[in-house]
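Copied over from TrEMBL, here are the features:
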DOMAIN    1-381  domain 'Sulfatase N-terminal'
TRANSMEM  149-171  transmembrane segment
TRANSMEM  183-205  transmembrane segment
Amino acid sequence: MADDLGVGDPGCYGNKTLRTPNIDRLAGGGVKFTQHLAASPLCTPSRAAFMTGRYPIRLGMASHTRLGVYIFMASSGGLPTSEVTFSRLLKDQGYSTALIGKWHLGINCDNTTDFCHHPLRHGFDYFYGIPMTNLRDCKPGEGTVFTTAYRLLVFFPLQVLGLTVFTLAVLRFLRLIRVPLGIFIFLFLLMALILVLFLCFLHYYRPLNCFLMRNYEISQQPMSFDNLTQRLTLEATGFIRRKPKKPFLLFLSYLHVHTALFSSKDFANKSRHGPYGDTTEELDWSVGQVLNVLDELGLSNDTLVYFTSDQGAHVEEVTPKGEMHGGSNGIYKGGKANNWEGGIRIPGILRWPRVIQAGLEIDEPTSNMDIFPTVAKVAGASLPQDRVIDGRDLMPLIQGKTRHSDHEFLFHYCNAYLNAVRWHPRNTVSPPVCPQRDLLALYQPSLHVMWVLMSGRGCPYPVTAGSLCTALKSKWELQAVTGPLFLLPGLPGAHSMLGFDLNVRFTPPSASRALGAGEECLLCLSTPKTRFSVAADTGLDQRVTTWLLKELSCPQRASRMTHTVVPCAEMLTVTDCHFQVCWKRWQGLAAAALCLVSP
């Protein structure tokens, strides 16, 4: 598992400049999922879901605050001991288990030695790596992730106190007020205390939070980044060599490509993408070393290998020097920490030569939660019956026993808030001529479900216009609120931007109208606050925008709209209107749908 690797970074997912021959070799020898999704766009909840096959919110691993991951080693939370991980299932089946690299799911509960959340308490026999995560603060000269906190808790109070002291001093000098000397002494001491605490935090954060552990013992404090990937790789390959005759589970959880970026001298300044490219290519080298050891020991044909990332690339990551240190999410909008497609769509590769046909590509929605039931089934372990498992066994899909994903719905949370729902109707597939399902979402805790009808050849979906909300209400405890649906089918051969004549008037058909042949149901999300949004492919024509606003009884807003060019799936928002427009064009066809949003 890579850390923050974007779906657009590996060569097998379309990157033409980053060199990832070993990841590409892995994909060529197995199956590549093109709609593989993380359960969360953040490290801690995504990894918790991966280990347990359950949504993070079921585990108590979803925060109600902005910070949704563990930052400090002194944190008392972690993956609950009551949860069953796939490592525990396989250990009970006689497998030797090891975690090499990043854990990020907690250490202790009540004191510094109980280790209740430690990897060894969750089914691993051996652990070597970092209990929490890699941060820029762990590498001198790379800046800090606490810039906002410093400004709020340190610099702002110091400025206020300094201005207060200066003002009191001037007023006292002018004899306008009498200020006891003790007040000045107190304010100066308070400023000094804040400054000392700040300097102590800077000095002690790295040694207290950035260290390597071997099982329960600290092996390096603070950790050194020198040849760190080589050391982790050596630990991983050494574990395989020690257990060649016994079933084993190795979870190699890389620190790459999370910042702070680091690479050995063999890879530094060698790529075309600066430090990020160097770390990505070193990551690929490590993958190759593991594959080579499996080949050397004759284990490749009988070993299931899975490669992924915990979430999308952190595309906006910038160093204090102004260098971009984020990766690529390909054509998808967004990145780490948000539920746009770029934040949750991740690489997903499985190789098992004796079982999985080489060169497969599956374009069905799958989740990193699916690894839990898949691994359990392969190892002959029984799934827990006392809890809900949200993942689905991937083997029937991989082996061709079924053509469609077993996920009818996938729910995407940011911390504890539901951001988006992906609907994949039962008994449907994604033919090559169909567009990939775009997810249009607006970040708000309160969710009102809306939906869009898209048209395209070869995409028959035998569903009715009311079935989405009906299915959601019957299957999940989610209050779906929709209004009348306005549909304009796509016109073959249309050349206008929206694919229809601007003189055509929208008329509301019956809400239970069945989808016609070639129409696809996608999901739009909106909020209780009414707003008008347009998802555009290449741009918006001013006449189209003005006409739409006029038809929506919002002429007062038309004058404020200007010609705007935006990428596919970008949202152009104007408040105080009561409809939402979502559309997309492909292969000469286009469609638009208007949905009424409840005020």
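In case you wondered, yes, glycine gets a Cβ from its N, Cα and C as well.
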### Summary
Under 8 Å Cβ-Cβ from the transmembrane segment (149-171), and at least six residues away from its ends along the same chain, one finds 177, 179, 183-184, 187-188, 190-191, 194-195, 198
### Query
Do any residues of this chain, six or more beyond the ends of the transmembrane segment (183-205), have a C-beta under 8 angstroms from a C-beta of it, and if so which?
137, 144, 150, 154, 157-158, 161-162, 164-165, 168-169
#### Entry: Model confidence over the domain 'Sulfatase N-terminal' (1-381), averaged pLDDT
92
